[in-house]
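See structure below.
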Amino acid sequence: MANDGQKTNLDPEKQALLNKHTENHFTAGEIVRDIIIGVSDGLTVPFALAAGLSGANATSSIVLTAGIAEVAAGAISMGLGGYLAAKSESDHYMRELRREQEEIVNDPDAEAAEVEEILAEYGIEAQEYTPVVNALRKKPQAWLDFMMKFELGLEKPDPRRALHSALTIAVAYVLGGAVPLLPYVFFPRAREALVASVVVTLLALLIFGYAKGRFTDNKPFSSAFQTTFIGAIASATAFGLAKAIHP
């Protein structure tokens with residue numbers, strides 16, 4: 001269905017049918033991806049850090065201080081990474097857009113042949129796609145949009161995507177990182193705080209992994225197990241290495 005506000009040439013009867021027809025597609029994939037990246041790392045990295053420091057016999061206050069510093073640095077680093085990734089995607093789209101625009105202006109016959117080739121791949125015969133090609137040649141912007149989507153497989157990115165991605169990842173990282181560190185606020189003894197942190201964080205990883213599997217159409221129980229297992233291995237490794245170095 002066309003985006004709201006986009007003009008179409010459909011007759012009123014068909015437009016009414018489209019207005020009544022609703023499709024329940026999940027369209028927040030980029031936001032969910034950013035949340036998954038932020039929460040996943042936010043739960044795992046501070047968890048492993050806290051376990052490692054606890055294994056080195058650090059006090060709860062030291063673990064909490066180091067953990068907060070790591071969460072702050074990690075949120076900035078992850079957010080910046082998300083911003084640069086989204087910005088690179090936008091820059092790539094604009095470069096290809098300019099290149100495709102130049103090709104349409106400088107070599108329209110070759111570009112028209114590419115349209116024919118694309119439509120032929122869908123099993124459309126020459127006598128069927130020729131009017132489509134001729135119609136596109138009369139509408140340069142529609143032609144350009146067609147080539148970007150069907151030749152290059154590129155969708156126009158949201159200009160606010162880079163900033164939104166950075167903020168989403170950073171906030172998700174902070175929220176995830178707060179979970180394994182919270183017990184160190186209430187338990188002055190690091191060993192007691194570590195036990196509580198393990199229980200709380202593994203439970204959070206289990207819930208997060210299940211939710212991630214549901215949103216990404218994967219097996220939720222398998223996703224829950226894998227996410228929890230990775231977090232457990234990371235923290236156990238950090239704790240074991242710290243104990244080996246600082247018994």
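Cβ atoms are placed via backbone N, Cα and C, with glycine included.
These features come from TrEMBL:
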type     : residues : note
TRANSMEM : 62-86    : transmembrane segment
TRANSMEM : 166-187  : transmembrane segment
TRANSMEM : 193-211  : transmembrane segment
TRANSMEM : 223-245  : transmembrane segment
I'd like to know if the transmembrane segment (223-245) touches the transmembrane segment (166-187) in this structure, counting it as a touch only when three or more C-beta pairs sit under 8 Å and are separated by 6 or more positions.
no
Give residue numbers and ranges for long-range contacts of the transmembrane segment (223-245): same chain, 6 or more residues beyond its ends, CB-CB under 8 A.
40, 43-45, 47-56, 194, 198, 201-202, 205-210, 212-213, 216
